[in-house]
Amino acid sequence: MPSMDRSGAMPQKDPCQKQACEIQKCLQANKYVESMCEDVIREMRRCCETQAGISICCSGFRESQPPEEKRSHT
């Protein structure tokens, strides 16, 4: 039986959970070489741009920038 939140309602599915899971699968399949998973990471960033206030999965993505953006600011 699915768990319920404190109010007794079913918890909402995180809108970026699918992308977060895809990142984990990709990283595991590629021995945690991030450059091999750029496409799925990009999809996660896209989701977080629109869902940052809603998605718990985006908490680590909100403050971070893609490496290419970090390099261009130095």
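Each position is counted from 1, following the chain as shown.
Placed from the backbone N, Cα and C atoms, the Cβ positions cover glycine too.
Just so you know, TrEMBL annotations are computer predictions that nobody has curated.
These features come from TrEMBL:
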DISULFID  C16-C47  disulfide bond
DISULFID  C26-C37  disulfide bond
DISULFID  C48-C58  disulfide bond
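Recorded features from TrEMBL, shown on the structure.
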| residue | record | DSSP class |
| --- | --- | --- |
| C16 | disulfide bond | coil |
| C26 | disulfide bond | helix |
| C37 | disulfide bond | helix |
| C47 | disulfide bond | helix |
| C58 | disulfide bond | helix |
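Listed in sequence order, the disulfide-bonded residues from C16, C26, C47 having a Cα within 10 Å of the Cα of C58 (disulfide bond) are C16, C47. Applying an 8 A CB threshold to same-chain residues 6+ apart, the list for C16 (disulfide bond) reads M44, C47, C48, Q51, S55, C57, C58.
When the neighbouring Cβ atoms lying within 10 Å are counted for each of the disulfide-bonded residues (C26, C48), the highest count belongs to C48. Within its own chain, C37 (disulfide bond) has I23, C26, L27, N30 as residues 6 or more apart in sequence whose C-beta sits under 8 angstroms from its own.
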